[in-house]
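Notes follow once the structure below has been shown.
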Amino acid sequence: MSRIKKIGVLTSGGDAPGMNAAIRAVVRTAIFNNLEVVGVKQGYEGLIKGDFETMKSYDVSNIIQKGGTILCSARSEEFRSVEGRKKAHEQMLAAKIDALVVIGGDGTFSGARIFTQEYDIPVVGIPGTIDNDLFGTDYTIGFDTALNTVIEAVDKIRDTASAHNRLFFIEVMGRDAGFLALRSGIATGAEAILIPERQTHLKDLEKYLAKGYKGHKNSGIVIVAEGDKSGGAYTIAREIEKKHPEYDIRVSVLGHMQRGGSPSAFDRVTASTLGVAAVDALLDDQKSIMVGMVNGEVSHVSFNKTIKNKKVVKDSLLTLNDILSI
Ligand SMILES: Nc1ncnc2c1ncn2[C@@H]1O[C@H](COP(=O)(O)OP(=O)(O)O)[C@@H](O)[C@H]1O
Ligand SMILES: O=P(O)(O)OC[C@H]1O[C@](O)(COP(=O)(O)O)[C@@H](O)[C@@H]1O
Ligand SMILES: [Mg+2]
């Protein structure tokens, strides 16, 4: 029999579509198992301030389809300090919260790992980030929705690019990760994809463009991940413009619209599955783990493993785009 009676749930880091579906699943699974559940507002900031709200089943009605997070999210500087985490622990003791479900990305889990090393509190993580950059899960909640949002935007840009015979550099999110750029590039038939995990030389990019955009096509799309080493879409566009004044170049930075919107069916189902799995794991006395999806099944990966290992970008996908973009 688990000793856990009351759990807290929070969302942290960049928000992602499907976080609400995960909150709903955590709250309802906890109640189903006769646990009390409190929502912690604004991620670790709320934990430090004791910003807690008891949640009932009806508090999570009508949220499965909503983007953002009803609990709000934050990037908390204070939680990075020993004092900040001490305050968070004191607030948890005062509210009699025995365990936590944290929904977020790699940073959120790094914070959770340190917290569980300092204090003996069971914490289970649910991967929620549009970046899909977590080792130990094929998908993170929000990635599929963001991907579809990017695709819709790029398709529209392609229409106007074709009408004017233009070359567009489109910047998508991903400070450290190129998964969104890579998949959206393939799905929109981009002429080139630039991601942080690979160095693309200007000469190679010029070659692609000479073959594709200036070869026989009436438009060109280069997808640039925010964190690409070339310095972002504007920088790389300027470099190409200097060498090729004959190209008609435009830049579009998609920005935070990529993080909003109603979650896709895939993200809703993944979020629901992982929300249930997270509470089940706590009831099973597991701690310091992330629940994820591998080959369609729920996986359990230690925070240590998911933090220390880097999810690998498949070379085969880059090769595939090289073949298809000629
Ligand atoms: N090394 C760390 N120690 C303590 N807390 C951390 C650490 N790294 C991240 N965090 C906490 O997790 C929060 C979310 O991390 P961040 O990287 O912004 O987003 P994500 O979880 O989506 O990757 C940070 O604002 C911070 O409060
Ligand atoms: O909203 P902010 O603070 O500008 O952060 C932007 C970053 O957040 C993300 O959207 C999501 O990153 P995290 O999930 O790691 O928080 C990145 O793709 C992007 O680089
Ligand atoms: Mg992150």
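Positions of Cβ are set from backbone N, Cα and C atoms, glycine also.
Automated prediction, rather than curation, is the source of TrEMBL annotations.
According to TrEMBL, the ADP binding site annotation covers Arg24, Ala25, Val26, Val27, Arg28, Arg158, Gly189, Ala190, Glu191, Lys217, Asn218, Ser219. Neighbour list (Gly189 (ADP binding site), Cβ cut-off 8 Å, at least 6 residues apart, same chain): Arg158, Ile221, Leu324, Ser325.
The local packing around Asp106 (Mg(2+) binding site), expressed as other Cβ atoms within 10 Å of its Cβ over all shown chains, amounts to 24. Positions annotated as Mg(2+) binding site by TrEMBL: Asp106.
Here TrEMBL flags Thr129, Ile130, Asp131, Arg166, Met173, Gly174, Arg175, Glu226, Arg250, His256, Met257, Gln258, Arg259 as substrate binding site. DSSP gives Arg175 (substrate binding site) a coil state; it is part of no helix or strand.
Here TrEMBL flags Asp131 as active site, proton acceptor. Spatially close to Asp131 (substrate binding site) yet at least six residues away along the chain are Gly14, Gly105, Thr140, Phe143, Met173, Gly174, Arg175, Asp176, Ala177, Phe179, Leu180, judged by Cβ distances under 8 angstroms.
Sequence-distant neighbours of Thr129 (substrate binding site): residues of the same chain at least 6 apart with a C-beta under 8 Å from its C-beta are Gly13, Gly14, Ala16, Gly104, Gly105, Asp106, Thr140, Ile141, Gly142, Phe143. The most densely surrounded of the binding-site residues Val26, Met173, Met257, judged by C-beta neighbours within 10 angstroms, is Val26. Among the binding-site residues Arg28, Thr129, Arg175, the residues whose Cβ sits under 6 Å from any atom of ligand 1 are Thr129. Distances between the Cα of Arg24 (ADP binding site) and those of the binding-site residues Arg250, Met257, Arg259 are shortest for Arg259.
Not one of the binding-site residues Arg24, Gly189, Asn218, Arg250 has a CB under 6 Å from ligand 3. In this structure, the binding-site residues that sit close to ligand 2, with a C-beta under 6 angstroms from any of its atoms, are Thr129, Asp131, Arg175, chosen from Arg28, Thr129, Asp131, Arg175, Arg250. Ranked by Cα separation from Met257 (substrate binding site), the binding-site residues Val26, Arg28, Glu191, Asn218 are led by Glu191.
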